[in-house]
Structure formats: C-alpha cells, structure tokens
Amino acid sequence: MKRGCISVFTNGTDISLKNRSMLVEKLSNKGYEVRNDYSPADTELIICIGGDGALLRTVHSCNFPDCPIIGINTGHLGFFQEISPESLDDFISDYEQGEYSIQKLSTVKATVTTDNGRCESHLGLNEILIKGRHSYSIHLDISIGETPIERFSGDGLLVATPAGSTAYNYSLGGSIVDPRLKLLQVTPIAPMNTTAYRSFTSSILLPAELSLGVTPEHSDDVIYIVNDGIETEYSGVKKIGVTISDTHVRLMRFKNYDFWNKVKTKFL
C-alpha cells in the first residue's frame, strides 16, 4: 500500500548515513515514499538524523515547516532529538498507530531596520544573538515595550526562547525554562557597569505581549544578528525589534517524553 511522503535529513556523519540507510529501507518496506528534500505540498513528516545542530539546520533549510519534525540522535547532547538509533522499529510502529503528541515550540523574531531603509526579519528556534564586530564591545539603548530600560555595554545580548534556554543561554548562566511557557529570556553577555553604562547582570524574562527594542548608540557601528548560528552583518542600524513570532516548530513526541526528565538526564 502506498503511503505518505517522509523527508529524511542527516548531518552527513558516517553513523548518521548508516542509520539513514536502515531507516529508508524500513520505511520503504512499509510503503512510504522517502525523499531527501522537503515539499510543503506532500511531506507529512520530517526526520532529522544527527544532533541538535542538525535539527536546527533542517528547520532553517525547510523554512520553518508546518509538518511535524522528529529527531534521531546520533550527536552528543541531542536535547531536541526524540529517539535513539536502536528504537527505529518502535518509532515506526508508534507513528503508524498514532501513538504520539505534537509539541509546539515558540520561535523568536528579530526585525532590523537600517538608515537606508533596509528592513529584514530573522527567525530563531533557539535564540537571536545581537553582537558587535569580533571582540569589540557593543553599546546599545534597550527598551521593553515603550519603556527605556538601560544603556547596555558588553559583548552582546542573547534573546532565547524556552526551547533555546538549555542551549547558549544556559552556558551564559541563564535560566532553564519549561517550553510550555510562552516568553522570551534576555541574557547579557559580559555586561559592564560604569558611570556611563548601567546594565543588568542577570537574565530578564519577558511575557509574550512585550517586545524588546534595541538601538545602537552609534548607527555606523557594525552589528551582527545571529539566529541559531546563522550570522548576518549590518551597518547603519537604526533599530532592532525582538518579539515572539507567530511561527511555531512542531516536534513529534512519544509517550515517554518528559521535559524535566530530559533536563535531568542531559545535565545532571
């Protein structure tokens, strides 16, 4: 019986390619069409074989797809990844029987406006990083909603989603946030406190209805926007607005999934 189309992506390592071959054979034997690209019109499921970085790259290469995504962990941390290579048969069985749930993950959007009228938006599943050139400090005026908050000086600002709270944000001393909460976490990177600049030294949690406004002190400074590791350089930045996006990423989860158990097994 001919079934739906499943797209399978890997990080290209030997172990991932080996598991892809096994998975493709199993899915093909069940009647699924397996592809190595994504088609919004007919792909019913995306499978990513690798680690968290591979899953992030897949999300971006597929332009934040509407269909569910599941990860097979052949990487290191594998926080997003749901299943191990040893569980391929169980995964296929549970998928066919509908024994799964969909976890909707919020994303973060940065909208950059420049002096010459350039306006571009960047989406991140994990985070948006705002930083200066190389090792230079960056000076920013920060507002929350309509309220000016601080004159920031430091290496940069990280704005993380709950899903991204366990990534770079956690390495910076930010808090782990349950992905069922809809908020943004703003974490400073090496903030300075002087007579000229007063910066928060800990993370700030923002509710979904509030936006973060960022204005470079010197508009001719080079600013980098890094969304999930994808770097874009700007000059002449007039303002940057960071909000929770209406776009979601849908991860497939099975009955044994528990966020806090995963936190415990991965970090403790």
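Every residue, even glycine, has its Cβ placed from backbone N, Cα and C.
Following the DSSP three-state reduction, the secondary structure of Asp52 (active site, proton acceptor) is helix. Sequence annotations record features per position, and here TrEMBL assigns active site, proton acceptor to Asp52.
Feature annotation from TrEMBL assigns NAD(+) binding site to Asp52, Gly53, Arg57, Asn126, Glu127, Asp155, Ala163, Thr166, Ala167, Tyr168, Asn169, Tyr170, Ser171, Ala190. Using a 10 Å Cβ-Cβ cutoff, Glu127 (NAD(+) binding site) registers 25 neighbours.
Here Asn169 (NAD(+) binding site) comes close to Glu127, Leu158, Ala160, Ser175, Gln185, Thr187, Ser203: these same-chain residues lie at least six apart in sequence, with C-beta atoms under 8 angstroms from its C-beta.
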